[in-house]
Every structure is written in C-alpha cells, then in structure tokens.
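Features reported for this protein in TrEMBL:
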- GLU82: active site, proton donor (ACT_SITE)
- HIS80, CYS106, CYS109: Zn(2+) binding site (BINDING)
- 10-148: domain 'CMP/dCMP-type deaminase' (DOMAIN)
Amino acid sequence: MSGKRQDYISWDEYFMGVAELSAMRSKDPSTQVGACIVSQDNKILSMGYNGFPKGCPDDTFPWEREGDDPYETKYFYSTHSELNAILNYRGGSLEGSKIYVTLFPCNECAKAIIQCGIKTIIYADDKYGDTAAVRASKRMLRSAGVELKPYKATGRKLEVKV
Ligand SMILES: O=c1ccn([C@H]2C[C@H](O)[C@@H](COP(=O)(O)O)O2)c(=O)[nH]1
Ligand SMILES: [Zn+2]
C-alpha cells in the first residue's frame, strides 16, 4: 500500500470533535456545551466548556435549573463555554477567528464573540433557537456581520481510547 490515508477526519470534524470532547468536561447535568476557537489558518487557539468560575466548587454551588429562589439555580453561576474559551485564550487577539460550538451561543456570549473579533460561528445544536435570548443573539450577530454556519454532521463516529 502507498500514498496517504484517505479516511482522515476533515477540519470541521476535527474542530467540532474538539468542541464535543470539551463539552464532556462539563458537570452540568442537563446541558453540556463545548467550544473551540480556531484561527483563519486552522490552528486551535482556545477551548472551553460550561461550568462554574474558579473558586466556586462544583459540589457546593447549585446545578438546579428551577427553584423558588434563582439564587439557588445554576444560571447565576455557570460561565458559558464560549465565554470560557474566550477568557482562556492567552495569546493576544482573536480578531478574524472562528468558533465551533456544540450549542448556538446565547445573547451574552454573542456580545463577547462580537467584541473579541470572532467572525464565524459553526454551531451544531440550536435547541434554544426559539427563545428570546437566542433570537436576540442572532439579531446582534447578523448586524455585526458574524457569519453563522450550521455544522453539517457527517455521522462519522469518532472513537478515542484513553
Ligand atoms: O450560549 C450558551 C448557552 C448556554 N450555555 C450553558 C449554560 C448552562 O450551563 C447550560 C444550559 O442549561 P439548560 O439546563 O439547558 O438551561 O448551557 C452555554 O455554555 N452557552
Ligand atoms: Zn452563552
């Protein structure tokens, strides 16, 4: 046999795969989200997943979605995957980069994405697409000229042995 392998994964499969793998680090019992920021020349710049900030332990802060008191729900505390990926970056500017996300970014993440100069979003799931938060997100992103690309799933199962 000669020549290169033919069944290697595509760039999109690679980066969405990294976003999916990042999501597997999330402790959120209902929705695990992962993000992978990539340069224009396909270098991985940063990654993130949804979770509580440093110093806010996973075992003492609440993971509940609902409750009489919002103080005891996760929403006040969880840092979204996209924001974590942006904040995790230590290299300078993210201007012109792309972000692969397993879930379409909310309005707060959209603001951060726009302001740090990310120009393309490749997203897998859009399960909250009908909510005001995601509609507002799309409104801002479109207005700011950020390209929104649904990820075209290939159905390939990526297996890693660890
Ligand atoms: O843009 C987003 C939107 C949401 N997330 C995180 C925040 C939460 O941890 C979960 C959503 O939980 P639900 O139980 O599905 O409401 O997803 C994010 O990381 N990025
Ligand atoms: Zn968000």
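Glycine too: its Cβ is placed from the backbone N, Cα and C atoms.
Where the annotation comes from TrEMBL, it is an automatic prediction and has not been curated.
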Ranking the binding-site residues CYS106, CYS109 by other Cβ atoms within 10 Å, which is at the bottom?
CYS106
Entry from the recorded positions list HIS80, GLU82 having the most other CB atoms no farther than 10 A
GLU82
For a three-state summary based on DSSP, what are the helix, strand and coil counts in the domain 'CMP/dCMP-type deaminase' (10-148)?
49 helix, 27 strand, 63 coil
Considering every residue in the domain 'CMP/dCMP-type deaminase' (10-148), what is the mean pLDDT value?
98
For the C-alpha pair, I'd like the distance in angstrom between GLU82 (active site, proton donor) and CYS106 (Zn(2+) binding site), rounded off.
9
